[in-house]
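A.B. asks: Got a structure for you, written out below as structure tokens; questions coming shortly.
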């Protein structure tokens, strides 16, 4: 279309700006062809005349509509150009806090410089299995796409992460690897993914460093291949590294650091194992202090060192090797401190005994003299001879640094090889995903060899990227069958040819390195001669002959030639390497082995490629042969080869691109620098992708989406049944130019800008419609408003006019009065003003005259002082002038004299050069030389004589010194002995003195005690008298207390009832928490059990020895032995096939660490399960007891209630008194010392006397009270007797608190028995009451209370002693076991790996067999005792009465587990059926097979009664119980449990099967409870059902096992329904338009988004409702408990709500007003379904509350502070993070909607900052609510059940 149609008034454009790169403006008038100037209005309010380029006449770029701003994919923008891309990224990054954006096939990642909560495991689960366009952009989406394409296309994948230093490449690569480790399904299996992730901290420590741009900059490139097996689980990995920056080891720029590992070592220097390294602070070493920034803020190097060591251990690098690595690194640091001193210009030396060098040699295990020599010398070899030449100080320093770099590079390669060994897998690799973390395009002020290699690599990657993008565009056009022309794109092949072709830059560099006298200058000249003026991409700088310029794809870069040759050669002296190779330290020579030997077998890739060994050193001299040739390879040659290998790998895979952008250079969080961003976008190829897309048809719509979006532009007659033809007709009318669009098979393709034009037409049409609607509605509203206002105005006028008339009259009266007042008041005011003005005028005059006089005086004074100053200044200036003149004269004289002296000197020099002068000077020199020669000879002779004398003297001196040393040692020993003796004498003297002092003190104390005894006698007499007086007072107080006791008793009963209710509520909450923990443990246990079975299957598969039936047997045995410790006959028979498999299992290369970890985890889980089970039982028993006691509490009235309450009150008062007296006694005893306590008159003595008198008085009072009570008791004796047996305790509620506080079951039992005995004894004495007996009864009650307290204390003491003894025994046994295990481990470690595995397995088998035998012996003993006890019980059963049975039941809940509940003596007729089924023991397997394994749930559910299998099994158990055959009971129950597990494992994905067996398991559990014989369950039965109770066995343990099994089945049911519902939820709840036409479809980019239009095969809300109804009907058919159905419904709705909300939070396109309406409608439909199924009280609706609030949040107003307050109060089920995320993601679908402002979001955050909620963004969709199985008794009589013939159970007979 014409430009005049687009560039109209108010159209918005982008214009260039030097500061902001691009600035937005608005046209003030329409553009007409031929205009040279555009009138623009800038956003800041200025007007601007924008001149068009007269040559190109290009118009400025148009802005996209606001509706397209902030899109997930840049290719979805209608106008594709640089400013649109930059603005879209800025809006997403700054306003929405979104760091990821798609650009076609590229993911653009902007570093936020802040930790974001978007990388948790919940986010990983949310992205797992999703299409790439369905979710918001994320690194996890790219990883998921790669993983999915690898599985779908059977093709290897690559993820290429590039960007500047500090842009976040390493972090992005780490997150991608973590995603693969989590999603691949191996996270809980073999720790492979942990090893892959553990390689990151190791490689970061040795390959990352702090730079000015990044605190954790990767100074090398790496390509990690993550290998997968056929099931697409991680099995291993392999790493290749590229171009390590070795120069950083020896030099760091300002504010930079060396590699992290050096600072981690220095920070950990104080560790005991590191003392041998002799390290210190980082500032102590030359190699770590040059940057001046040894510490990174927020990083603890010591902790990082611990993480590095932990990762090394995880990767199998032993402690010895780790210490070896640290020794080498410490040696490098010490080597950097080695200093050189210059002898002359050509030689240098190291100071003698140089400490850094000696430490280096000690650590490296090399000879000090050799290393010292070769650091200062080098060997030169010619054709005939070899010379050793000293080197200068500078050369020696460079050689030292080269050696340090070479050692570090070798160590780096060695670590990479060992990491690859640890990550290598023996399993064959099926496919891999490569993650390339490589440096981006670099340009600095000074660019050298490293930047050249980096930019060369980026040229190759950019070429591959361009070809791939072009290929994808071409494939899309061909797929849609539209005509396409060749798109012109930038081809950088000429630049690559310039670098790597024949006679290219690298070839010339390698050639110059081979020249003997090659230099950087000669190489530069060769470059100029070869390429200057011949290649357009090569240039020469104007002002330099040592640099060259290359035009790269991103920018021009100038490279300095200096250092290219040296870095390319990478020279190190061979003699120094030989010294290191001869080291005694074994690890050091390993680093310098030949390349062929150094490559480990695991470092090869799966395809047979050898990994890249980075930058090996090139020795100066090598032997001829293969190794010499390898060593002569330059760094550039090696880098080129490795790059070709990398490109081959990438071309053989499907690439995925991640471009990391650094938003600013100052590391400020969420700060966007447009200039830096544009530079990187140009360099990383994003804009090239945009250009390629814009050159073709960037906007693509399906016909259905186009029709839905632009239906408003069509008339009714245009709409046809064929959508494709409809779209064609409409487009021909809307866009006349047919070149602007193309029709494909399934899509319409648009040129750039056409979608914006269509959006403009759509917005205009909608705006016109809105205006028409508004016009009509506003007119109607105004008419209504006018009529209402007219009526109101007439009424108001009537009242106002009357009011005005009254006011006018009042006004006239007031006006007259006011006039009079004003007259007098004005006169008064004017008079007062005159007086004040006159007084002010006089004051002003006086102040002004004084001010003028003072000014005149100051002026005179200043003039006088100025004259004095002038006098002194003029004199000073005259003196200065004189001194300057004098200095100038002297200077002239000096110059003249110097000139004359120079002339005289010149003359003297001429004379001195003459020949005659030389002759005069040298006369006699020859004679002098001869004399000097003689003197030298004589001195030499004297020197030899002196040397001989010196040697003799040294020998004598040495012998004397040895003697003196021996004498000195002997004297020192004697001196030490003398010191020790003197010390002993002094200590003995001190002890004697102390003893004397103690003796004197004891004598004095004895005297004082005797004196005190006399005083005590006198005081006792006084105490007796006072006690008598107090006795009378106590009698009076007692009467008052009796009244208080009656009132307090009532209050106490009320408070106790309240406390009981509160405690029951708290217990229920605790019970739910414990239940959740317990069920989670069961889930973990079942998962480990399944994993154990899978490992067994994998072992059998690896052996390739198929054995039929072994898998089933193993799973049965594992499930039986691991979870339940039953030793049944089946368990014993299953032992045989297990043992037959042992020889085959020994051959498997089993991971012993994994095996031991799993075994340890299983034992821990079993222990935790047992502890949790005990605690759960205890709490449930407490709740049941409290409820039973509340129900059974007798309603005693009249005299009986008064008697019981009085008795309880008396006991409580007595108990309180006794406690108070006991406390007083303790206080009195603690106040004084022991001798004073028992003396008369002491406080304790007084307390005892008070107690005696009070007790005597109490006895008198009790006589009277008991006589009164006797009459009441005799009259109501008959009412009390039948209730004595039931209520042995007077009031259970009073003691409930004390019972709950007791921790031990023995404590509770002891207290219970003691109280029962007291009550029983008192009940027995009721018949013999007389006067004496009554007194004795009261006294006996006090004694019993005391005994109860004493018995409790003694029982606690005994229990603690028993526990301590048991713990000691356990500790001793554990020590012995530990010693035995350590011995075994030491023996195993000495064996080879295969023998070690066999020995460990053999040991484990013997241990298990021993434990099995011990358990069998214990079981046999218990069986014998049980049989013996049962026989005795049968004999005495008839003699036991009902009263005694009730008493036995009340002893303790835990003491009657194995006892019969009531005697079995049921008379029956022979022909009556008793509800039992009889079968033979050998038919048990057939029963299990027909009833469980081969049963089809659908037939049973339709044709037979619900729960029939459960009833049949229970009737079989009843018969075994009737026969008293415990083996048969155990065998049947264990077989049943294991068979159910087998069925669920085999058909665990079938909802009907899982639901069927959940229902039957619960029914079986209810039957065991209903017929257990326990009173709590029997009360729900009929009398006939109570006759069917079990008689011989208490199956409480099996009830618990079945309960655990039911929990596991329930969790499996939840997983099955989740797997079925999950694919439907997002499509049905979010994407499908239930209300058609409400939400429009926005334009999409290259990433295809799931359509919201319901096509065939897509899920809708009706699909979800139908599936829910199907679930409900199946559960009802299977007879599942109604309460359990409610819990399943609650769980289903939670899954629906959680998954919907999580996807909403991760999808920007779903956060709109219309989508909120769709969600609320969908939720209402779900609520309607709940009403139809009568499930509204199940709690399912409440689980949807977060989703409902999120939908409301999308629809409410979001502008003012009131709106913010309303949102905060409304969204109480959403977390702060979720609310802010929804507001950030809110996206208008139409132009009439407004975006949420940043200030409003800040307001919300401020209001919610005090809310304490979870920081987690997503809901836990995997959360399972704790399930309970409420007791649901069956009304079905067992004797009426008929067994159908279809079940094939003819071998069973009814009894």
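Every residue gets a Cβ built from N, Cα and C, even glycine.
A TrEMBL annotation is a machine prediction, not a hand-curated record.
What TrEMBL records for this protein is below:
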- 163, 164, 165, 166, 167, 168, 169, 170: ATP binding site (BINDING)
- 915-1105: coiled coil (COILED)
- 1155-1231: coiled coil (COILED)
- 1339-1439: coiled coil (COILED)
- 600-610: compositional bias 'Polar residues' (COMPBIAS)
- 1116-1127: compositional bias 'Polar residues' (COMPBIAS)
- 8-60: domain 'Myosin N-terminal SH3-like' (DOMAIN)
- 69-763: domain 'Myosin motor' (DOMAIN)
- 1534-1810: domain 'Dilute' (DOMAIN)
- 598-634: region 'Disordered' (REGION)
- 643-665: region 'Actin-binding' (REGION)
- 1106-1127: region 'Disordered' (REGION)
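In terms of burial and nearby residues, how do these features look in this structure?
C.D. replies: Under a cutoff of 8 A between CB atoms, and with a sequence separation of 6+ in the same chain, the neighbours of residue 166 (ATP binding site) are 111, 211, 213, 214, 217, 662, 667.
The average pLDDT for the coiled coil (1155-1231) in the predicted structure is 58.
Taking Cβ pairs closer than 8 Å, the region 'Actin-binding' (643-665) reaches residues 89, 93, 103, 105-113, 139, 142, 145-146, 149, 153, 155-164, 166-169, 172, 176, 213, 223, 240, 242, 434, 436, 440, 456-457, 460-461, 464-465, 468, 609, 612, 671-673, 676-677, 680-681, 684-686 in its own chain, all 6 or more past its ends.
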A.B. asks: Fewest other Cβ atoms within 10 Å: which of the binding-site residues 165, 170 wins that one? Let me know.
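C.D. replies: Minimum Cβ neighbour count within 10 Å, taken over the binding-site residues 165, 170, occurs at 165.
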A.B. asks: Starting from the Cβ centroid of 163, 164, 165, 166, 167, 168, 169, 170, which together make up the recorded ATP site, report each further residue of the same chain whose Cβ lies within 8 Å of that point, ordered by sequence.
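C.D. replies: Close Cβ neighbours, site residues excluded: 111, 214, 217, 218, 440, 660, 662.
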A.B. asks: Going along the chain, which residues six or more apart from residue 169 (ATP binding site) have their CB under 8 A from its CB?
C.D. replies: 161, 162, 163, 218, 437, 438, 439, 440, 660
A.B. asks: Could you give the number of helix, strand and coil residues in the region 'Actin-binding' (643-665) as assigned by DSSP?
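C.D. replies: Across the region 'Actin-binding' (643-665), the residues distribute as 9 helix, 8 strand, 6 coil.
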A.B. asks: What's the number of neighbouring CB atoms sitting within 10 A of the CB on residue 164 (ATP binding site)?
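C.D. replies: Around residue 164 (ATP binding site), other Cβ atoms within 10 Å: 24.
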A.B. asks: If you draw a 10 Å sphere on the Cβ of residue 168 (ATP binding site), how many other Cβ atoms land inside?
C.D. replies: 25
A.B. asks: When DSSP states are grouped into helix, strand and coil, how many residues of the domain 'Myosin N-terminal SH3-like' (8-60) land in each?
C.D. replies: 0 helix, 24 strand, 29 coil
